[in-house]
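Asks: Pasting a structure here, questions to come.
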Amino acid sequence: MAEKRDYYEVLGVSKNATDDELKKAYRKKAIQYHPDKNPGDKEAEEHFKEVAEAYDVLSDPQKRSQYDQFGHAGLGGAAGGGFSGGGMSMEDIFSRFGDLFGGFGGFGGFSDMGGGSRRRVRRGSDLRVRVKLSLADISKGVEKKVKVKKQVVCSKCRGDGTEEANGKTTCQTCHGTGVVTRVSNTFLGAMQTQSTCPTCHGEGEIITKPCSKCKGEGVEIGEEVISFHIPAGVAEGMQMSVNGKGNAAPRGGVNGDLIVVIAEEPDPNLIRNGNDLIYNLLISVPLAIKGGSVEVPTIDGRAKIRIEAGTQPGKMLRLRNKGLPSVNGYGMGDQLVNVNVYIPESIDAKDEQAIAAMENSDSFKPTDAARKDIDKKYREMLD
């Protein structure tokens, strides 16, 4: 599966599917491709991982929101995250979602995958970083690197948490399963419930000789430089995940994610409005009267535009496709040039004579039609 399919397509649901619809769709697909049902079938195993990856994203509100905004790019797939990219093993999938198979012909547990154990796989906490982007970065997309201080696998025990190879013993409370079973009598008959073992906290083992460096936690504080791609068109406050680049989990669990929060740097010339960019152009009175050409800054450099003779203050010119791309890859914004006329606060004697001559010219006297046009524009603004 060289190219990732749409997650909604993988599960066979619509983009407004509810949590219950997602769960039902995942159960159906997972049972169809379950390794117990398709022994030795590598293609079925890949489909099984694919539906698990899709459900992992769509069942998490934050990840689903990121996916809906950015697609696969917003989940940090290029940085090595996800199931098929090596982020989670088959055992991790069963541990995380195994309870969803209950009542379906015995699927669930670990069956042939893990010797009947249901030990809990811990997950490391997520990290958050704020990344500042210029409009130029946002217009094209950009590769970024951040250096973070985080929990990493202990360099001495390699995450095992023990001082030596035989530093663990099987938990006597749950006998290594990670869960305890309780049977209670009710008016409906005997009811069996399972819960995480309180002694080993779901790990199935007790550390008897903890690592002297990490004190048995399996993690230590370290630093890592993380690279990731930010797609074009992102906006202030948007978030994306880099899978598996958060804190390491204690004793061999699954890493958390790195949550990248987008921050826009103010541009000295351009103002963003959605996918459009606005430039406030100030022209002289003679240019507004006679017309002419002028250069304006754009996201790609400078562009020459034509000012028509008699241009009024507040006129908006549009440069097609000179704005920002849509974050989902469809469509491009425009650049709007808001034309304003500069009125000097003071003038010299020579200019006063020129203006005095203008005052007596009918060309410079406001017309009733011009006043009505301004009135119309204000009414449209108020509606």
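Heads up, the Cβ atoms here are built off N, Cα and C, so glycines get one too.
Annotations per Swiss-Prot:
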| type | residues | note |
| --- | --- | --- |
| DOMAIN | 6-71 | domain 'J' |
| ZN_FING | 141-223 | zinc finger |
| REPEAT | 154-161 | repeat 'CXXCXGXG motif' |
| BINDING | Cys154, Cys157, Cys211, Cys214 | Zn(2+) 1 binding site |
| REPEAT | 171-178 | repeat 'CXXCXGXG motif' |
| BINDING | Cys171, Cys174, Cys197, Cys200 | Zn(2+) 2 binding site |
| REPEAT | 197-204 | repeat 'CXXCXGXG motif' |
| REPEAT | 211-218 | repeat 'CXXCXGXG motif' |
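Describe the structural context of these features.
Replies: The domain 'J' (6-71) scores a mean pLDDT of 89 in the predicted structure.
For the zinc finger (141-223), the DSSP counts in helix, strand and coil order read 0 helix, 41 strand, 42 coil.
Taking Cβ-Cβ distances under 8 Å and a sequence separation of 6 or more, the neighbours of Cys211 (Zn(2+) 1 binding site) in its chain are Cys154, Lys156, Cys157, Asp160, Gly161, Thr162, Glu163, Gly167, Gly218.
Long-range C-beta contacts of Cys200 (Zn(2+) 2 binding site), restricted to its own chain and to partners at least six residues apart, with a cutoff below 8 Å, comprise Cys171, Thr173, Cys174, Gly178, Ile206.
Note on the repeat 'CXXCXGXG motif' (197-204): residues 117, 119-120, 122, 170-174, 176-180, 251 of its chain, located 6 or more positions outside it, place their CB under 8 angstroms from a CB of the stretch.
Nonlocal intrachain contacts for the repeat 'CXXCXGXG motif' (211-218), taken as residues 6+ away from its ends with a CB within less than 8 angstroms of a stretch CB, comprise 153-157, 159-163, 167, 248, 250-252.
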Asks: Other than Cys154, Cys157, Cys211, Cys214 themselves, what residues in this chain have Cβ atoms within 8 Å of the centroid of the Zn(2+) 1 site's Cβ atoms?
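Replies: Result: Ser155, Lys156, Arg158, Gly159, Asp160, Gly161, Thr162, Pro210, Ser212, Lys213, Lys215, Gly216, Glu217, Gly218, Val219, Glu220.
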Asks: For Cys197 (Zn(2+) 2 binding site), what residues in its own chain, 6 or more apart in sequence, show a Cβ-Cβ distance under 8 Å?
Replies: Cys171, Thr173, Cys174, Thr177, Gly178, Val179, Val180, Gly204
Asks: Among the binding-site residues Cys157, Cys171, which residue has its Cβ surrounded by the fewest other Cβ atoms within 10 Å?
Replies: Cys171
Asks: Apart from Cys171, Cys174, Cys197, Cys200, which residues in this chain have a Cβ no more than 8 Å from the mean position of the Cβ atoms of those residues at the Zn(2+) 2 site?
Replies: Gln172, Thr173, His175, Gly176, Thr177, Gly178, Val179, Val180, Pro198, Thr199, His201, Gly202, Glu203, Gly204, Glu205, Ile206
Asks: Give the sequence-ordered list of residues that share a chain with Cys214 (Zn(2+) 1 binding site), lie 6 or more positions from it, and have CB atoms under 8 Å from its CB.
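Replies: Cys154, Lys156, Cys157, Gly161, Glu220 - these are the non-local Cβ neighbours of Cys214 (Zn(2+) 1 binding site), listed in sequence order.
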Asks: What same-chain residues lie close to the repeat 'CXXCXGXG motif' (154-161): Cβ under 8 Å, and 6 or more beyond its ends?
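Replies: Long-range Cβ neighbours of the repeat 'CXXCXGXG motif' (154-161): 167, 207, 210-214, 216-220, 248, 250-252.
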